[in-house]
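Report on the following structure.
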Ligand code: URA
């Protein structure tokens, strides 16, 4: 359990393309899908497995590995920015069930720092979650973590076996907030960025992931 920082060169190579403001919409979305697939494979490598034995076409037995939880995955798409990330995750977990959560910032009077802005879940549609399921919540950019906190509360009420966050960039503020309140979940991310600006963007970040993917 904990934070899995996916900082191997291929992850960072694709993230660098995403951070680059010269990267156009198509290449941006493709990069998100590629990272989703790679993050999915990394998550799969951290699921429980058992040693099994099968018979090959040659009629001999061979020892192998079985990850039973591959068939117990639920992927939750935090709309809309996570959609290309989910497309990639589904390549790693083709049998996954899927849910969606949409959130929006609540209007507040006066100037309020982004870390204190309230977020409401405006739409949520999740499949039936069983006690043996592993829920992967996908959100490419976790800034203040306000949306993620709400998503975690919603998902935790369903009592899955394990909750995993799949992300590209998490702010230091956001990751601290999540770990403090949910110490038992796992966070897979490619980068932890140091700052948030006054508009709630992660710095250096990659801009607005939704706008850059969808135009
Ligand atoms: N969401 C984004 O898309 N980018 C940020 O920097 C923060 C939240």
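Using the three backbone atoms N, Cα and C, a Cβ is placed for every residue, glycine included.
Computed from a predicted structure; not experimentally measured.
Listed in TrEMBL:
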BINDING   30, 31, 32, 33, 34  GTP binding site
BINDING   80, 105, 139, 140, 141, 142, 143, 144, 145, 146, 147, 208  5-phospho-alpha-D-ribose 1-diphosphate binding site
BINDING   202, 207, 208, 209  uracil binding site
DOMAIN    6-215  domain 'Phosphoribosyltransferase'
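A straight line from the CA of residue 80 (5-phospho-alpha-D-ribose 1-diphosphate binding site) to the CA of residue 209 (uracil binding site) spans 9 Å. Here residue 141 (5-phospho-alpha-D-ribose 1-diphosphate binding site) is positioned 7 angstrom away from residue 209 (uracil binding site), judged by their C-alpha atoms. Only 209, in sequence order, out of the binding-site residues 30, 80, 139, 147, 209 have a CB under 6 Å from ligand 1. Each residue contributes its Cα atom, and for residue 141 (5-phospho-alpha-D-ribose 1-diphosphate binding site) and residue 33 (GTP binding site) these two points are 14 Å apart. Overall, the recorded 5-phospho-alpha-D-ribose 1-diphosphate-binding residues 80, 105, 139, 140, 141, 142, 143, 144, 145, 146, 147, 208 cover a maximum inter-Cα distance of 17 Å. Across the domain 'Phosphoribosyltransferase' (6-215), the model assigns an average pLDDT of 95.
Each of the binding-site residues 139, 208 was assessed for Cβ neighbours inside 10 Å, and the highest tally belongs to 139. For the binding-site residues 30, 31, 32, 33, 34, 208, a Cα to Cα distance of within 10 angstroms from residue 143 (5-phospho-alpha-D-ribose 1-diphosphate binding site) holds for none. The Cα of residue 33 (GTP binding site) lies closest to that of 207, out of the binding-site residues 147, 202, 207.
When the alpha carbons of residue 147 (5-phospho-alpha-D-ribose 1-diphosphate binding site) and residue 208 (uracil binding site) are compared, the span between them is 15 angstrom. Of all Cβ atoms in the protein chains displayed, 24 besides its own lie within 10 Å of the Cβ of residue 147 (5-phospho-alpha-D-ribose 1-diphosphate binding site).
With the fewest other Cβ atoms inside 10 Å of its Cβ, the least crowded of the binding-site residues 30, 34, 80 in this structure is 80. Residue 34 (GTP binding site) and residue 139 (5-phospho-alpha-D-ribose 1-diphosphate binding site) are 15 Å apart (CA-CA, integer value). Other residues of the same chain near the uracil site, with their Cβ within 8 Å of the Cβ centroid of 202, 207, 208, 209, are 81, 141, 201, 205, 206, 210, 211, 212.
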